[in-house]
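Asks: Quick paste from Swiss-Prot:
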type	residues	note
TOPO_DOM	1-11	topological domain 'Cytoplasmic'
TRANSMEM	12-32	transmembrane segment
TOPO_DOM	33-542	topological domain 'Lumenal'
CARBOHYD	ASN41	N-linked glycosylation site
COILED	59-105	coiled coil
CARBOHYD	ASN333	N-linked glycosylation site
BINDING	ASP369, HIS486	divalent metal cation binding site
Amino acid sequence: MPRRGLILHTRTHWLLLGLALLCSLVLFMYLLECAPQTDGNASLPGVVGENYGKEYYQALLQEQEEHYQTRATSLKRQIAQLKQELQEMSEKMRSLQERRNVGANGIGYQSNKEQAPSDLLEFLHSQIDKAEVSIGAKLPSEYGVIPFESFTLMKVFQLEMGLTRHPEEKPVRKDKRDELVEVIEAGLEVINNPDEDDEQEDEEGPLGEKLIFNENDFVEGYYRTERDKGTQYELFFKKADLTEYRHVTLFRPFGPLMKVKSEMIDITRSIINIIVPLAERTEAFVQFMQNFRDVCIHQDKKIHLTVVYFGKEGLSKVKSILESVTSESNFHNYTLVSLNEEFNRGRGLNVGARAWDKGEVLMFFCDVDIYFSAEFLNSCRLNAEPGKKVFYPVVFSLYNPAIVYANQEVPPPVEQQLVHKKDSGFWRDFGFGMTCQYRSDFLTIGGFDMEVKGWGGEDVHLYRKYLHGDLIVIRTPVPGLFHLWHEKRCADELTPEQYRMCIQSKAMNEASHSHLGMLVFREEIETHLHKQAYRTNSEAVG
């Protein structure tokens with residue numbers, strides 16, 4: 001063990017000494033670059049025998065001065081980066097020293113696992129070598145290709161869109177926008193201040209000055225990410241009056257995995273208050289309670305149900321259903337709130353949240369058409385934390401079973417329809433109605449906006465409140481949450497925007513693209529089948 005400490009100390013000493021020498025070398029280069037020329041015989045550039053005016057030489061000197069200033073700024077940035085790397089490496093060596101001390105006590109963290117590379121720069125370069133940047137990789141099929149996405153100064157052209165993104169759009173997310181701006185700036189830095197090993201020659205302008213590229217010279221770029229290696233960028237620049245393009249390849253390598261935290265989460269005592277706003281739709285409520293009985297009463301057993309019912313019609317049927325469940329399963333953990341007013345989902349959830357009078361509780365805002373599993377309830381508990389996180393799962397929405405299972409006499413039972421396939425449903429990434437959040441967070445943020453009437457909109461308002469706040473929003477598809485198909489009616493009383501959203505949702509809910517296409521071309525298909533049958537019969541008779 002003392003021998004390991006001596007080796008580590010020696011490596012630390014030489015590493016720090018090498019970085020210090022590197023800093024000194026960069027500083028010396030900076031002084032050489034920025035020092036004025038002392039050669040008295042040096043003449044200003046120009047063609048011998050030509051008479052240039054004073055303005056020409058002043059412009060030329062100004063260009064040279066700007067070049068030196070740009071180079072000086074670049075060198076200063078490199079010096080700052082080296083200082084930062086020196087500090088990071090010092091901290092890393094200190095961390096290794098601490099780990100060595102911990103290992104000496106018998107509780108080493110990495111044990112016999114693969115050790116993190118001692119030279120971080122070497123590791124990052126190895127990531128480039130592993131990625132498919134310079135040499136192609138043998139792939140098993142066309143599905144193994146990682147496609148690029150292309151971009152310009154203002155637009156991104158993407159393949160993976162979901163249902164809310166567009167084939168062409170401005171980068172809305174700040175991280176993506178900042179990433180592309182940084183990449184273009186880095187590409188310009190490479191072109192305007194090339195290294196000696198770069199395969200490019202300095203081009204001169206009409207007055208002999210060095211060409212300086214800017215962001216307006218950026219033509220297009222491509223990027224793709226290999227999840228375990230990093231992101232590759234291919235950038236192309238071109239001056240309007242030149243025929244040649246400048247091509248820059250950049251790579252942002254991913255570093256080694258780093259532990260952020262490790263904790264134990266106890267969910268055995270976490271009660272979920274499932275809040276369901278409801279108006280009429282008693283048949284759907286019967287189906288909902290069947291799922292509730294199987295999952296919540298028989299399996300989970302740590303659930304409270306709050307039903308907020310609007311209107312009088314159907315209220316007695318809902319009471320009867322709840323009383324039947326109580327008598328059959330000895331379940332009493334439910335609350336029925338009756339509101340004699342027009343249905344408003346946001347109002348119902350607000351009332352349901354405030355109806356709970358036993359302090360803090362985790363709430364799941366649910367609809368009567370939702371089918372969930374016991375595993376989802378645990379995901380709900382794991383991904384919501386009071387004062388820190390709210391959970392917005394993406395629901396898998398099922399298509400119209402009459403279309404999906406049109407080749408069967410009767411659609412299969414609901415339990416057999418719960419599959420994640422392209423023709424059976426879609427991820428409802430534009431929906432924010434199903435959410436798990438703690439009561440204190442919901443009340444602190446102000447709940448739902450009561451100004452929103454009718455269908456849709458109130459969920460997005462609440463979602464945006466959390467996005468504008470300090471809580472972490474966990475947004476992810478989950479396998480145990482399904483939206484069952486039901487016929488959707490768009491009321492005439494809706495605003496034009498709400499009506500458009502309702503019709504859009506109705507169209508997306510009906511069937512997949514291929515199934516809708518089969519419906520559109522049904523007559524053409526039937527005509528073809530009739531012709532085939534007629535031809536077959538004619539050949540048989542002949």
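Every residue, even glycine, has its Cβ placed from backbone N, Cα and C.
Walk me through the surroundings of each of these features.
Replies: Summarising the environment of ASN333 (N-linked glycosylation site), the number of other Cβ atoms within 10 Å of its Cβ, over all protein chains shown, is 15.
Under the three-state DSSP scheme, HIS486 (divalent metal cation binding site) falls in the coil class. Within 10 Å of the Cβ of HIS486 (divalent metal cation binding site) there are 16 other Cβ atoms, across all protein chains.
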Asks: Over all shown protein chains, what is the count of other CB atoms within 10 A of the CB belonging to ASP369 (divalent metal cation binding site)?
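Replies: A 10 Å sphere around the Cβ of ASP369 (divalent metal cation binding site) contains 18 other Cβ atoms.
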Asks: Pop the Cα-Cα gap between ASN333 (N-linked glycosylation site) and HIS486 (divalent metal cation binding site) into the table, whole Å please.
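Replies: For HIS486 (divalent metal cation binding site) versus ASN333 (N-linked glycosylation site), the Cα atoms are 28 Å apart.
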Asks: Please classify the secondary structure at ASN333 (N-linked glycosylation site) using three-state DSSP.
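Replies: ASN333 (N-linked glycosylation site) sits in coil per DSSP, no helix or strand.
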Asks: Could you measure between ASP369 (divalent metal cation binding site) and ASN333 (N-linked glycosylation site) for me? Cα positions, answer in whole angstrom.
Replies: 21
